[in-house]
Amino acid sequence: MRDRLTLSTLGPLAALFALILLGAGLNENFLSAANVTNVLARSAFIGMIAVGMTFVITSGGLDLSVGSMAAFVAGMMILAMNALQPSLGVGLPLALAGIGVAILVGLLAGLANGLLITRAGIEPFIVTLGTMGIFRSLVTWIADGGTLSLDFSMREFIGPIYYGGILGVSWPIIAFAVVVVIGEVVMRHTRFGRYCEAIGSNDKVARYSAVKVERIQLLTYVALGLLVGFATVLYVPRLGSASGSTGLLWELEAIAAVIIGGTALKGGFGRVWGTVVGVLILSLIGNILNLANLVSPYLNGAIQGVIIVLAVVLQRRKSSAEGR
Amino acid sequence: MTTLALAGVYRSFGPIEVLHGIDLELHPAEVHALIGENGAGKSTIMKILGGYLAPSAGQVLLDGKPVTYASGPEAEAQGVVVIHQEFNLAPDLTVAQNIWLGREMGGLFLDHRAMREATQGLLDQLECKVRPDARIRDLAVSDRQMVEIAKALSRNARVLIMDEPSAVLTHREVEVLFRQIDRLRSQGVAILYTSHRLDEVSHLADRITVLRDGAVVRRAGRGELTEDGMATAMVGRDLKDIFPPRRTSFGPVALEVRDFHVPPLVHGVSFTLRRGEVLGISGLVGSGRTELAEGLVGLRPHHGQILRGSAPAQVRSLPEAAAHGIAYLTEDRKERGLLLTKTLRENLTLSTLADFGAPIISRKLEDAALTRAISDFDIRAPSREMAVGNLSGGNQQKLLLAKTMLPEPEVIIIDEPTRGIDIGTKSQIYHFIDRLAREGRSVIVISSDMPEVLGLSDRVLVMRQGRVAGELAGEAIRETAVVRLVMGTSEEISQNA
């Protein structure tokens, strides 16, 4: 095993278990199938994005635009489905068209970020700060400051994408699990994952080792864009609408989950399963605050903030110990 | 009369004792050379002398009185100045800003002009052509070393501790450095000097202390110890055969380069290389040696002809170079060669990962490759899972060599094969290079280390200002001839060659 069982690897896991115990102790409904499904399904959107973000951050990049991108993708998906409904009618073809549009828009948005970063050589922070504003502004403009809503009949039709499932496990959870398993395998056992870590550790060494640095970096942004597309496909059926505030602060939650999970913010080391733990920790805090009337749910952000800072402090400890 | 001395100094890191009762005296107007292999304890001694580490037991004496410094700057205030091997320069500040950092001239407002002028004066002393306004980031490594030396000179040191200052300097710069050392010595400064280049030590040192495994094994005055004697004392065994015997038979031409340009630094270079041959490339830093090598493996845009055997080869990228069996080992092992935070295995296979299974990398194949590399190149690592950054320089270099050799290249270009490596490991690497040549491969060795070029090469190509200044073979490979070509003082040799 590459991960030795140290405090920093076990830290996030221990925190997750502590939260589960705390939740179970505070409210008997916490471990009910309904609540667990609810938490996991809500985690799925951020979770899938966070898996993509893990690769971006591991290879030394950053993407601040994913929340806005999700809103933009949702907006385009709804717009396209409403526009095509008269010709395709309510049914599977229209649903597939919507899914196709969402995935395509996500891919193109990721490609745009990636090309600006790798071809134009602009800092990832600057590029995605820019596209973050652009995507969100476009959605608000298209929605004319209001909400883009899917036609009611179509909303009924695609509802099961979020609410349905097999054997009691809902689709978002299944999709999330599939993405995680693939992500973990790609990160740890394929060239792509190894190259991401190499580039994040030292891109010059990677270049001198015949790694196609720009191509790998570009691919991480495209993959992230794709995952934003997938996440949006699962998200739109939940509410059937998109607005300027869709996906607000998702980028921060995704980045926070990656960091809490033990991936180094400066790149070079990525842990997909850690990211999953990070996502679950963040969702559970919100869930527990809602269930137990202990602390006001309005303090959710504050508690999440403390956890993020704590996680980075732990990381620092670890790296300074290694530096000895 | 001693300026700075150690008396019975011990030092432990955790449970491991690395210095076992060191006595060392630095006298005014003397150069004291401290030599030893990597890990012998030189750096620890220098850190203790410079106030960066405290001894676990024993005393540091300044002018005969025991002192304890809280920090390096406190020692500096007492006139004890260290020139660090790893540069302590802020990359985004200018040369002048760095030299006066923390001791800026002026009152409420900085006196930029005075600092610039003082900096210019220091740089002129060092015959260094860097501008005081240049940013450290834009400087070559050797220039940074000169700035570091200028910074030390600016402090009016009574004791100057120099940690391998010549490791990254060219021949010409080393000569300037020696003149400055002579000047400081005549002014009464006590100097501690360390270097892996024993010729420098015998030239400079008034006193030599040889360290091995944290203890002093030999003390000698000027002229009492030959270079061989130093090497033997350092290693603890006889090192007659630092260099392997020369090869005598060569195969057909493996690589031919015709009218090769790497704009803007390399112009019209042509040479041939036979199988089983070691070609040395000498020249100053900035003479285009590294750029030539990087052009030949497709790391830099170039034009001109490369022939492998008799077939022309297109090399626009590292993978294309690899396809033609050409490999390059970079001079900058820490910033371009190895991922210091990753394990041996991850480093070894990085450039040939596609050979280890797709889409899933086979851990088994990787581990087998590492096992082979460890035994082929005698890599000594306490653990296979440790970060490469924690290996000694010599073992890092062996790993880098193993990594470069993994795709079995036929032409290997090695840039500075032994920079910052102790003599024992150096010799090992020379024998590895010899083995590669005897296997029928062709090796190009680019080096600033003159004895290395002389001792290793079957033929020497000297570069000056991006062009081939001359070529020497067989008996003609002599230090004076190479230096003349390097400096450009002998046109007739370059024409005859």
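Just so it is clear, glycine is given a Cβ too, placed from its N, Cα and C backbone atoms.
Any TrEMBL annotation is an automated prediction that lacks curation.
As written in TrEMBL, here are the features:
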| type | residues | note |
| --- | --- | --- |
| TRANSMEM | A:39-57 | transmembrane segment |
| TRANSMEM | A:64-84 | transmembrane segment |
| TRANSMEM | A:90-112 | transmembrane segment |
| TRANSMEM | A:124-143 | transmembrane segment |
| TRANSMEM | A:163-186 | transmembrane segment |
| TRANSMEM | A:218-236 | transmembrane segment |
| TRANSMEM | A:248-265 | transmembrane segment |
| TRANSMEM | A:272-292 | transmembrane segment |
| TRANSMEM | A:298-314 | transmembrane segment |
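Ranked by number of Cβ pairs under 8 Å to the transmembrane segment (A:124-143), the listed stretches A:90-112, A:163-186, A:298-314 are led by A:90-112. Contacts between the transmembrane segment (A:163-186) and the transmembrane segment (A:64-84): absent, as fewer than 3 C-beta pairs lie under 8 angstroms at sequence separation of six or more. The stretch from A:39-57, A:64-84, A:90-112, A:218-236, A:298-314 with the most CB pairs below 8 A to the transmembrane segment (A:248-265) is A:39-57.
When each of A:39-57, A:90-112, A:218-236, A:272-292 is checked for Cβ pairs under 8 Å to the transmembrane segment (A:298-314), A:272-292 comes out on top.
Below 8 angstroms of C-beta separation, residues 65, 69, 72-74, 76-78, 80-81, 84, 131, 135, 151, 153-154, 157-158, 161, 218, 221-230, 232-233, 236 of the same chain, each at least six residues beyond the ends of the transmembrane segment (A:90-112), sit close to that stretch. Below 8 angstroms of C-beta separation, residues 9, 12-13, 15-16, 19-20, 22-23, 26-27, 29-30, 35, 38-39, 42-43, 46-47, 50-51, 53-54, 180, 183-184, 187-188, 253, 256-263, 299-300, 303-304, 307, 311 of the same chain, each at least six residues beyond the ends of the transmembrane segment (A:272-292), sit close to that stretch.
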